[in-house]
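Annotated features in TrEMBL:
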type	residues	note
BINDING	123-130, 205-209, 269-272	GTP binding site
DOMAIN	290-303	domain 'SRP54-type proteins GTP-binding'
Amino acid sequence: MGIFSKLKQAFAGKDDQDRYLSGLDKSRRSFSQRIRNLALNFTGVNEEFLEELMIVLLEADIGIRTAEKIIERVETRAMDEKLKKFDEISECLIEVMAEMYEEAGTCDDHVNENGPTVVLMVGVNGSGKTTTTAKLTKLYQEQRKKVVLAAADTFRAGAVDQLAMWADRLNVPCIKGREGGDPSAVLVDACRYALEEKADYLIGDTAGRLQNKANLMKELEKMKRVVGREIDGAPHEVWLVIDATTGQNGISQAQVFLETTAVTGIILTKLDGTAKGGIVFAIRDQLGLPVKFIGLGEHPDDLRPFDLQSYLYSLCEGMLEDHD
Ligand SMILES: Nc1nc2c(ncn2[C@@H]2O[C@H](COP(=O)(O)OP(=O)(O)OP(=O)(O)O)[C@@H](O)[C@H]2O)c(=O)[nH]1
């Protein structure tokens, strides 16, 4: 059975089919269509074809480094296995993309078995941190977990109110400080509250100032230090939120965070708002971190755990037209 059929079969058994398909609609239309257009002038895996394929990969924001590796492998495999038909090359392309993502390794969740799991949300302003914190809360609530929120973005006017409003809607407690106050103090209060209430998760929404790397580092380090003092092993997760629509620029900004603090996973938001869904590969390769969750829309339940098979199927479905 070819990889298309395998993906289709696996996808049929997944829970989030509609969300994945609609969230990746723009990317699918663009990527699959462009790949299929390559069939029009296809005469074999030659220099011209590989150049055109490279352009399609770059247009999908896969990133130059990853795109070059993909091209190299597709070329080698096509030669070794004497692939001649366009469909065979398409299958080979998907196979290589899947392998490249998987080879980068997986990363286990870090769950605190002895008390609240502390998650810090970091990332630049506007990347979707606050909304994602709310969506994550909803996801954990669906798993019957008890969540406490900490509005540790005391820097941006309105951020505390924004999170508090979500907390109200979702009916979870939200520990707040005053605007301009010390975010670490908010986190300490929140840790104590979460322990007292025997919460399963404490999610801290932090500020995303990037103007000064040294300050950002100092602030993040302080936050990590104080939560570690309150709860063993905290923070258990530090998730970096990246806006998919910002492309390579978003990845460069993300790199600044990686240089300042130990991040354990990526949350990629607004994937529904871009046709360049290949950014998942660039992130995996350039940042060396797994994508944990993806944002596929503005509704509270549009944050889904990242699943490679669902993602690949939803990105490439148009290429399968002639397959069952
Ligand atoms: N379409 C879409 N919109 C999203 C997604 N995630 C977040 N947004 C929107 O992005 C905008 C910014 O989100 P916020 O959560 O306010 O961003 P933020 O990072 O908290 O911003 P700061 O508080 O300034 O750091 C909001 O309008 C959200 O509704 C997503 O997955 N898809």
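Going from the start of the chain as shown, residues are counted 1 onward.
Just so you know, glycine gets a Cβ as well, placed from its N, Cα and C.
Remember, it's a predicted structure, so these values are computed and weren't measured experimentally.
Feature map: annotations from TrEMBL on the structure.
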residue : record           : Cβ neighbours (10 Å)
G123    : GTP binding site : 26
G126    : GTP binding site : 13
K129    : GTP binding site : 26
T206    : GTP binding site : 28
R209    : GTP binding site : 15
L271    : GTP binding site : 28
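Within the chain, the domain 'SRP54-type proteins GTP-binding' (290-303) has long-range Cβ neighbours (under 8 A, six or more residues past its boundaries) at 19-20, 22-24, 104-107, 128, 131-132, 134-136, 138-139, 142, 169-170, 239, 244, 265-272, 280, 283-284, 311. Among the binding-site residues K129, T206, R209, the ones whose Cβ sits under 6 Å from an atom of ligand 1 are, in sequence order, K129. Summarising model confidence by region, the domain 'SRP54-type proteins GTP-binding' (290-303) averages a pLDDT of 92. Helix, strand and coil content of the domain 'SRP54-type proteins GTP-binding' (290-303), in residues and according to DSSP, is 0 helix, 6 strand, 8 coil.
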